[in-house]
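Feature annotation from TrEMBL assigns domain 'PLAT' to 2-121. Residues annotated as Ca(2+) 2 binding site in TrEMBL: N40. Look at TrEMBL and you will find D82 tagged as Ca(2+) 1 binding site. TrEMBL lists W106 with the feature site 'Essential for stabilizing binding to COTL1'. Annotation comment: TrEMBL describes 121-670 as domain 'Lipoxygenase'. The Fe cation binding site feature in TrEMBL is assigned to H367, H372, H547, I670.
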Amino acid sequence: MVNYKVTVSTSGPLNGTTMNNIFIKLVGTDGESDRTWLCNFTGPLAFIAGQASSFNVTCRVSIGKLILIELDKQGLPLIPQDSWFPAKVKVESPEGDIYNFPIYRWITDSEVKRFREGTALRVFEDSHNLGRYSREQALKQREKDYRWDVYAEGIPHKMKVEGPLSLPCEVRFSFTKTTEFGFTALTGLAELGLKGLSDSKKNWTNLDDLNRVFCNKRTHISEYVQEHWKEDTFFGYQYLNGINPMLIRRCTTLPENFPVTDDMLFPDGQSSLADEMKNGNIFLLDYKRLDGLKANMINGKQQYLMAPLVLLQKTPDDKLIPIAIQLKQTPADDNPIFFPTDSEYDWLTAKIFVRSADFSEHQLNVHLLRTHLLAEVFAVSLLRNVPMVHPLYKLLIPHTRYTIQINFLARLALISPSGVFTKFAASGGEAMVTILKRSLSSMTYSSLCMPEDIAERGMEDVPNYYYRDDGLKLWDIIQRFVEGVLSFYYKSDEEVQQDSELQKWISDIFEHGFLSQENTGIPQSFTSVAELVKFVTMVIFTGSGQHSAVNTGQYDYGGWMPNTPISLQLPPPTTKGTTSEATMLNTLPDIGTSAQGMATVWLLSKPSSDFVPLGQFPEEHFSEENPWELIKDFQGELEVLTTVISVRNRKLEIPYTYMDPAVIENSVAI
């Protein structure tokens, strides 16, 4: 008789404990054990959250190299089936070999569950004849659990789910996250002191009233925004380091539909647009994706959404300032071009229309589509197609945490017919899906890869562009880590090409995320290790750093409503000299709409207490030493970047923290 020492670890959530009986079977290359009750005479306390318990499993002879284990959980006469969250099982063989079986998922029923040994295996390496234990069977079950569904034609597909409780247990919110998120959603208006205002259809009569409401919740940056929102230098700054640093690009040729002349911009004749463009000092914001859309109706009143064109100029002291604004795409007599030399409220009103357009461009394209919806596609394809023992699964699973459920809730609470965005944003009506469709059809792979995106927009040497500075450093750190891990498992391009599970992962992403649009440049298959490393780097960066950059500061820059209005109630001026403070106030969203918008960006900016920062791997999926050494190096590099950013920020009037690894969550979880 030979003994196998089995150590079972139950994971940390308090509700992960089980009082049920646990049974195990060991399966090896030369045989299998009997189904064995894991009893160490400690009673029902063997499987408590945060604890590990050891047992002996006896076999008549050695069963060879262990391949997998079978676990099942059975209720007792007086104790019904409960839910158990095992972390891992470690088995020491009679020969002294150690086998690790990562689990990290809920077991809620009495069915037999099978788990592969944790040493990362690619499909072409799996030479054992596992019969009914084959990974193909496991993946078929995953395909049933994670099914594709169409939310709307022309946008990335989502996971088919009826509600949070129908999600597989391993992708649901924790108890802490569920409690805090529900509490925050219910009390957002109350926390901001807006509960009595949310149904008001009245207009603001002065900014002092708005200021009194805004005083209830402030951040350091939101206070700065309130004080400086009218200033041209701050307007320009936001396109570098605000929550939408993705639109601005260097302008080398003036768009034909933006008929600005030297006389308009430089009446003193001391410069010219051609010279300024040649010197790299002119930049463009083009909101063409919003052109021709029908804006929403809010409280029975027509709203207005423009598609502006904006020129910005870099000044000798390295500031960016707007120098021309055209609020519609088509030049016309009733579509004047506004300049800083116009009246105070003509110029301020033009900037307000631009900032309101930016709200829609940011929320739907930059935030929702390019982080949330893509992250869900990456996650669902991983969970459908890649087994737990695969190196790609081990590398990416921390970056899928909560993404599927947060997106379900976003669709329900924000963009459903009764959602806040649908009811209270200018682009929340029929325009919403059109913007998403246009955004996906114009998306490119290179625009998702930060180094290429920065280069394509001509933004490599623009001063004070901290999103770029921190983001490129972060991209490089992630890429080095990904390259180290994947190169450990893939020694040649041929191994990548032969890995059918890897190829199915990218194939599903191309089909369901990018709707098989070849013009996106998204790979349909992987042909080399380098190609794989680049794509996986993009996946991790998108769900962590990029999401942080476009999400975390939403209340900072949107809490003071006039800086980023969710909607506008009056059309833009068609002639100059017709605006005033009164028309500006009547143009801004009404009190109730403002309150709903402020409460929403407050909720979306608020991390939960079980936040997991970038670089942390709380679940021990890797069994080999090499990946753990790489993880330590990765964490060390992230800590250095945090220090570099912190030192830099001490010198800045407005600190830029959104790409600081210490505040970046590992996944799209809010």
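Note: Cβ is positioned from N, Cα and C throughout, glycine not excepted.
A straight line from the CA of W106 (site 'Essential for stabilizing binding to COTL1') to the CA of D82 (Ca(2+) 1 binding site) spans 10 Å. Counted within 10 Å of its Cβ, the other Cβ atoms near D82 (Ca(2+) 1 binding site) come to 14, all protein chains included. Contacts of I670 (Fe cation binding site) defined by a Cβ separation under 8 A and a same-chain sequence distance of 6+ are given as I406, N551, L604, K606, P607, S608, in order along the sequence. The separation of the residue listed as 'Ca(2+) 1 binding site' from H547 (Fe cation binding site), Cα to Cα, is 36 Å.
Between H367 (Fe cation binding site) and the residue listed as 'Ca(2+) 1 binding site', the C-alpha separation comes to 38 Å. Within 10 Å of the C-beta atom of H547 (Fe cation binding site) sit 25 other C-beta atoms, taking all shown protein chains into account. A separation of roughly 33 Å, to the nearest angstrom, links the Cα atoms of D82 (Ca(2+) 1 binding site) and H372 (Fe cation binding site).
Apart from H367, H372, H547, I670, the residues listed for Fe cation, the same chain places the Cβ atoms of L368, T371, A375, I406, V550, N551, L604, V668 within 8 Å of the centroid of those Cβ atoms. For the domain 'Lipoxygenase' (121-670), the model's pLDDT averages out at 92.
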